[in-house]
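Engineer: Structure below; questions to follow.
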Amino acid sequence: MRAVSVWYCCPWGLLLLHCLCSFSVGSPSPSISPEKKVGSQGLRFRLAGFPRKPYEGRVEIQRAGEWGTICDDDFTLQAAHVLCRELGFTEATGWTHSAKYGPGTGRIWLDNLSCRGTEGSVTECASRGWGNSDCTHDEDAGVICKDQRLPGFSDSNVIEVEHQLQVEEVRLRPAVEWGRRPLPVTEGLVEVRLPEGWSQVCDKGWSAHNSHVVCGMLGFPGEKRVNMAFYRMLAQKKQHSFGLHSVACVGTEAHLSLCSLEFYRANDTTRCSGGNPAVVSCVLGPLYATFTGQKKQQHSKPQGEARVRLKGGAHQGEGRVEVLKAGTWGTVCDRKWDLQAASVVCRELGFGTAREALSGARMGQGMGAIHLSEVRCSGQEPSLWRCPSKNITAEDCSHSQDAGVRCNLPYTGVETKIRLSGGRSRYEGRVEVQIGIPGHLRWGLICGDDWGTLEAMVACRQLGLGYANHGLQETWYWDSGNVTEVVMSGVRCTGSELSLNQCAHHSSHITCKKTGTRFTAGVICSETASDLLLHSALVQETAYIEDRPLHMLYCAAEENCLASSARSANWPYGHRRLLRFSSQIHNLGRADFRPKAGRHSWVWHECHGHYHSMDIFTHYDILTPNGTKVAEGHKASFCLEDTECQEDVSKRYECANFGEQGITVGCWDLYRHDIDCQWIDITDVKPGNYILQVVINPNFEVAESDFTNNAMKCNCKYDGHRIWVHNCHIGDAFSEEANRRFERYPGQTSNQIV
């Protein structure tokens, strides 16, 4: 029996090579099933296309000696699970459609593929039959597998390439080597990595289009003119090693290897005769101009409010793409979403070209409108809105198809100034930071006082380890290392900083209430995170006033669900005026939302008949238009469970019988308007115009991919007898101008909502 043979694809630096991942299903050990057969013919599987990582790509199947693809009609995550196992991975994390990794060639072997997800082979799934398809290769399906191999499958790094030489990596080398150079490097000689090492590029025929592509690869939105007289003078004094010439880019390429270019032959003795090394100068985006303290370039910042943004990403320059239309933010459908459109987004935001064009809500799902679909960009557009697109209807797309991007970023070196020690894996440990000046650098610890989730978010981002799962104030349970000095305290971050040095902190005068290495800061990072959003329309639809007798509120009083004035009321006579509404809280992230406290510390509440896992999960507030709080919900504790879920998502959590608590990805927890404490006590509120505000996870106790969408606001008018609640929206769903109009709302003059 044949062993498994594997041709594995390259890491990102090589992504734009013409390479394929190929897997032969065999049996190198008893843990792998025998080679799968269809009739008398065996099947082989591989991943193809670019740009991609080794565990993702267009699925190709070899049957009867002929390679072919799979149509995306009726393709699901369950089918992706089966195919990823065929390819030697443990499971799928997503799938793609519309030839995201480029169209294949040859036969389309399978169409309308329908799997349960538990099949041992794709041959056990239903389909139209082998070779029976009405699709084109523009509908080729792809898979994103979990980067974890099945036991027994080889994990080779052999790369199958079409040409011997390819441009794998590009850098800028400053012409002047001495002195302390600030990062990122924005100007210098263009060098490409070839098998024999780094080589320069001949500047004969070099154009601004070439510079534009190089700058985009290196994380910069644009290029600028260079003082070539200076570089020509330097070139005469140095020896150069040229490896590349005749580069001709259109300017829309995401990588230099996609341009027309030629390599010098090994025996060529007249390399770049009469020419000089190519030099490029790039423009910093606004984020990095601020980071380096440089003055912002005019190119870097568009006038007026941005009309595109990224949400839900762990790092700068990645996230779900959202666009502004008619004062409201919405998402982009991933149909025909490609690297060209993604690069337009990245450059518009001040980054370089796109490293990945993400589909299938890889950065979590949005909520609300989907503004664009089938966006087709040439790559030259200054804004995504300049690209042709399709007017979308409700039937066209769902939020499970939200598009995302990962952009090329400038190299800043911030990840070299931080490290973790003592943890069980590279994703956790005690945080150590490097301080000092060159020649006198040392590593030190961070005081754990006030260290929390927001600070951990910045640390995990700086480390390149994704999202923060926990921010730890004590790390005594991890092995202590040689580093014992506390060099940073009082760290306060907003969560958006590029490094801990950008957060407010003490460095010269360390103040730490608890001394010793056991009370230093630590983190646990994660590749995925939850993302909670409140269904704002349901709040608006269900809000009403109830005058509830005091004799029915003893349990609520015990739970501290009433205003403080209730303590002096004439119990059990009288009543409290309550603003009731339903809260439907969705988890649209990529990880389950779990309470911070373990089961051992949950509290039993006799009145409600179940355990509460979080003391503070949501704040309910009534605010004046200027933001002054006049009433609050006092909802003391919560039980988290899956009330309902999206199609094909199963419930995992329930409060009954001391069950596990949480909210599964794709599910929501519903607090109905008629349950105890689902209200705000407005007995003491005077008639007027107010803002109803609901904030989920207000103390950042549990990590999420995005905290900016945790607040919901509504305009409301209370006349002493009735209340009108309208204009409810997630806090960041409106444009800046629409938010200003919301806050200036003058109130109602009649029952008519305007």
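The backbone N, Cα and C atoms fix where each Cβ goes, glycine too.
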Engineer: Quick test of reading the record: Swiss-Prot lists a disulfide for Cys215. Which of Cys145, Cys259, Cys272, Cys282 is on the other end?
Structural biologist: Cys282
Engineer: In Swiss-Prot, Cys346 is disulphide-linked to which residue out of Cys377, Cys387, Cys397, Cys407?
Structural biologist: Cys407
Engineer: Kindly state the mean pLDDT of the region 'Lysyl-oxidase like' (530-733) in the predicted structure.
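Structural biologist: Taking every residue of the region 'Lysyl-oxidase like' (530-733) together, the mean pLDDT is 89.
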Engineer: How many Å lie between the Cα of His610 (Cu cation binding site) and the Cα of Cys555 (disulfide bond)?
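Structural biologist: About 13 Å separate the Cα atoms of these two residues.
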Engineer: Going by C-alpha positions, which of the recorded positions (Cys71, Cys333, Asn482, Cys555, Cys728) is nearest His612 (Cu cation binding site)?
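Structural biologist: For His612 (Cu cation binding site), the closest Cα among Cys71, Cys333, Asn482, Cys555, Cys728 is found at Cys555.
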Engineer: According to DSSP, folded down to helix, strand and coil, what is Cys503 (disulfide bond)?
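Structural biologist: In the DSSP reduction, Cys503 (disulfide bond) maps to coil.
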Engineer: Measuring Cα to Cα, tell me the gap between Tyr671 (2',4',5'-topaquinone) and Cys259 (disulfide bond) in whole angstrom.
Structural biologist: 56
Engineer: Tell me which of the disulfide-bonded residues Cys115, Cys259, Cys377, Cys503, Cys525 sits in the most Cβ-dense spot, judged by other Cβ atoms within 10 Å.
Structural biologist: Cys525
Engineer: Given the disulfide-bonded residues Cys115, Cys125, Cys677, state which is nearest to Asn391 (N-linked glycosylation site) when distance is taken between Cα atoms.
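Structural biologist: Checked the disulfide-bonded residues Cys115, Cys125, Cys677; minimum Cα distance to Asn391 (N-linked glycosylation site) goes to Cys115.
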Engineer: Express the distance between the Cα positions of Cys714 (disulfide bond) and Cys555 (disulfide bond) as a whole number of Å.
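Structural biologist: Roughly 29 Å, rounded to the nearest whole number.
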Engineer: Would you count the other CB atoms within 10 A of the CB of Cys493 (disulfide bond), including those on all shown protein chains?
Structural biologist: 22
Engineer: Taking the Cα atoms as reference points, how far is Cys282 (disulfide bond) from Cys249 (disulfide bond) in Å?
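Structural biologist: That comes out at 16 Å between the alpha carbons.
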